[in-house]
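Annotation comment: Swiss-Prot describes C36, C39 as active site, nucleophile. What Swiss-Prot records for C36-C39 is disulfide bond, and it gives sequence analysis as the kind of evidence. Per Swiss-Prot, domain 'Thioredoxin' is recorded for 2-110, and the stated evidence type is sequence analysis. Annotation source Swiss-Prot lists site 'Deprotonates C-terminal active site Cys' at D30. The site 'Contributes to redox potential value' annotation in Swiss-Prot covers G37, P38, and the record cites similarity to another entry as its basis.
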Amino acid sequence: MGASEHVPPITSKAEFQEKVLNAKGFVVVDCFATWCGPCKAIAPTVEKFAQTYTDASFYQIDVDELSEVAAELGIRAMPTFLLFKDGQKVSDVVGANPGALEAGIKALLA
């Protein structure tokens, strides 16, 4: 995996609070694990979406590094994409499904 400039990592609970829960606007959170093959497979697509849908902020959470946050969010499978508007989760997409993720992002920004 590895973070990119378009999909930076969130590395603490406080940072998650600041960048996601306290954020105004649209946020997409990619919950992944370094050992997750499908997470690696969809990573370039997530990067592309982050560059395409610039009205949303994109972040990554390593569920093993931030297990407490992942548990609070109810993450049970990777990848899981959480879509937030003004700090409230409005939907999620479970699995490495580019079509479903793009549809979710478009609905979020509509």
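The backbone N, Cα and C atoms fix where each Cβ goes, glycine too.
In three-state terms derived from DSSP, D30 (site 'Deprotonates C-terminal active site Cys') belongs to an extended strand segment.
The Cβ of G37 has fewer other Cβ atoms within 10 Å than any other of the recorded positions G37, C39.
In the three-state DSSP scheme, C39 (active site, nucleophile) is classed as helix. Of the recorded residues, C39 (active site, nucleophile) and D30 (site 'Deprotonates C-terminal active site Cys') place their C-alpha atoms 9 Å from one another. Across the recorded positions listed here (D30, C36, P38), the residue whose Cβ sits among the most other Cβ atoms within 10 Å is D30. Rounded to the nearest whole angstrom, the C-alpha distance between P38 (site 'Contributes to redox potential value') and D30 (site 'Deprotonates C-terminal active site Cys') is 12. Confidence in the domain 'Thioredoxin' (2-110), given as mean pLDDT, stands at 96.
Rounded to the nearest whole angstrom, the C-alpha distance between C36 (active site, nucleophile) and D30 (site 'Deprotonates C-terminal active site Cys') is 12.
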